[in-house]
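Enquirer: So TrEMBL says this about it:
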type	residues	note
COMPBIAS	1-12	compositional bias 'Gly residues'
REGION	1-22	region 'Disordered'
REPEAT	54-79	repeat 'WD'
REPEAT	80-119	repeat 'WD'
REPEAT	136-162	repeat 'WD'
REPEAT	163-202	repeat 'WD'
REPEAT	203-242	repeat 'WD'
REPEAT	243-282	repeat 'WD'
């Protein structure tokens, strides 16, 4: 296990995975262990979002920066600067990172050079944040407090679609091919077709705002202030599973096949199996000193989670944790 510094210094914190290896000794999601901890002890700075692709983790911070980490070496390989307010959402695809900020812009970065190759202005109003971003190939999607979902083409830097229909802020977006999913403070999950610009499904079983969405094929996952994670089938528009267990609002979700990861204000990240509807792992991080926690929070809220292969990434206040099962024999 390694730990390394950012800003004013860093340190290793205790990680705990509340589950044991199954009796038959098989290697599964219950074998997750915390393998890396990246801690920023600069007062007032905290992690707002994380993303992962292969050996790379990306994190967005309240000090307006984006950091790129290499898991295999445990080092920060790039710090991307240019936003003028908090970076609240990040996404990654290959050598490209996308970030959304409270400054109303979406920035597209090239990891290899560390340069910003496009700045996309979602909104010109100071009070409208870009709450969420997603990327798929040459397309970027952003959701904002202006209640709009925008689809951008990276190569041209132009907005090719503006999707309207939500009644309140768009908190989360996801994209897969010609399909965009959005979650809003209005409690709705909407499924859009990019080519036509039309909403093809509205999913309405949450009774609080939808803070996060994810998509994998015909399956959409959403997390809400109602403390639940819901699993939806796009083709039928039906909720096929409601996952309960968090004791406070769900901030973030990620999906990979039959596995869902959710992060919550209750200070835990949970790993779920869709087919059984059961929680197979609860990931926790030891609470840090109050001095090191951000001014936004006095607790280790799990603001963001991401999953890729055998690796889960979660953010706890000022810390990014990497959880892995593939390192076990």
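Residue numbers in this text run from 1 along the chain shown.
Glycine residues also receive a Cβ, built from the backbone N, Cα and C atoms like all the rest.
What you see is a predicted model, and the numbers here were worked out from it, not measured in a lab.
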Enquirer: Which sequence positions outside the repeat 'WD' (163-202), separated from its termini by at least 6 residues, show Cβ-Cβ distances below 8 Å to it?
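Expert: Answer is 129, 131-136, 139, 141-151, 208-217, 220, 222, 224, 232, 234, 237.
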Enquirer: Tell me, roughly as an integer, the mean pLDDT over the repeat 'WD' (203-242).
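Expert: The average pLDDT of the model in the repeat 'WD' (203-242) works out to 97.
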Enquirer: Go ahead and report the DSSP secondary structure tallies for the repeat 'WD' (136-162): helix first, then strand, then coil.
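Expert: Helix, strand, coil within the repeat 'WD' (136-162): 0 helix, 18 strand, 9 coil.
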